[in-house]
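Comments concern the structure below.
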Amino acid sequence: MKIGIPKEIKNNENRVGLSPSGVHALVDQGHEVLVETNAGLGSYFEDGDYQEAGAKIVDEQSKAWDVDMVIKVKEPLESEYKFFKEELILFTYLHLANEQKLTQALVDNKVISIAYETVQLPDGSLPLLTPMSEVAGRMSTQVGAEFLQRFNGGMGILLGGIPGVPKGKVTIIGGGQAGTNAAKIALGLGAEVTILDVNPKRLEELEDLFDGRVRTIMSNPLNIEMYVKESDLVIGAVLIPGAKAPNLVTEDMIKEMKDGSVIVDIAIDQGGIFETTDKITTHDNPTYTKHGVVHYAVANMPGAVPRTSTIGLNNATLPYAQLLANKGYREAFKVNHPLSLGLNTFNGHVTNKNVADTFNFEYTSIEDALK
């Protein structure tokens, strides 16, 4: 199979679809890999590293797309839609529930789009989302602490406090991978940490995991309001696979927060959980202030630590990429059901129900689409 690795063009997206070691694994199995020149530079992988791994370096974006399968990190931007073609396998993060134009373009061009974030194991876990959730979760506390500093617009709070001075209060909405990792860093900094989640079993697991060092609270509108207004830092870490994020924190709740407090919306690439995160920000200009509260709404947080992120992502995605390349998508879906759940569009059909419902597209089951 001919596989393309284009350079990411989203603002400050420094990750790359495959590391040289991933390229080597695919080339070793007889596949041809085309890497756009400088695609790996943001992650400190040189063209020469890819050439040594067996890749062919191409000097035009179009050549990296003129392949059987494209492996990326982030969803294609509008300038890349012109490269879509029938039967192209696109393997990347898509977050289509927040991307109507992209969904339409994938359908119109009959692209076989497989979203990392909807590949799902029988236990409900999301193996290709996990590494980036870990990165984003850990980063969310770090950037929150940074923007609590006075010269960054915050109220001048040190999350860990000092003897005789109260600790900063961190509230995390969502106790999944991202929320759990946010809590680990917040605890490490010495903050007072509360996690809200709708799943009582998950709250029990978090109690055990953190040995009672975090406060675990059932997530409902009253509790969210109560804890949000008292917090110095609120982190939104809620995920419904393939669906738009629920709006859990209202504008009125934000108005009750202290001036100079900070919110970090990890879920912004799925629409966000805060009513006031009504725009996506970038690493170049990561925050804005509304009702006195600093809003951080960067959709590609792991792009700021690309070396760690690329290697972690490659570790997770490579076995699935090899399966697709070695067996073809039909056989790969047959032998690996979790991978088949990643299929979002196929031959002009939307095959993810959450995406179809969000934009009123006709839904076609994966089984029916593949007949």
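Even glycines carry a Cβ here, placed using N, Cα and C.
Listed in Swiss-Prot for this protein:
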- His95: active site, proton donor/acceptor (ACT_SITE)
- Asp269: active site, proton donor/acceptor (ACT_SITE)
- Arg15, Lys74: substrate binding site (BINDING)
- Ser133, 177-178, Asp197, Ser219, 238-239, 266-269, 298-301: NAD(+) binding site (BINDING)
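Structural mapping of features recorded in Swiss-Prot.
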{"residue": "Arg15", "record": "substrate binding site", "Cβ neighbours (10 Å)": "31"}
{"residue": "Lys74", "record": "substrate binding site", "Cβ neighbours (10 Å)": "20"}
{"residue": "His95", "record": "active site, proton donor/acceptor", "Cβ neighbours (10 Å)": "25"}
{"residue": "Ser133", "record": "NAD(+) binding site", "Cβ neighbours (10 Å)": "22"}
{"residue": "Ala178", "record": "NAD(+) binding site", "Cβ neighbours (10 Å)": "29"}
{"residue": "Leu239", "record": "NAD(+) binding site", "Cβ neighbours (10 Å)": "21"}
{"residue": "Ala267", "record": "NAD(+) binding site", "Cβ neighbours (10 Å)": "29"}
{"residue": "Asp269", "record": "active site, proton donor/acceptor", "Cβ neighbours (10 Å)": "24"}
{"residue": "Ala299", "record": "NAD(+) binding site", "Cβ neighbours (10 Å)": "25"}
{"residue": "Met301", "record": "NAD(+) binding site", "Cβ neighbours (10 Å)": "26"}
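When other Cβ atoms within 10 Å of the Cβ of Ser219 (NAD(+) binding site) are tallied across all protein chains shown, the result is 18. In this structure, the C-alpha atom of Ala267 (NAD(+) binding site) lies 10 angstrom from that of His95 (active site, proton donor/acceptor).
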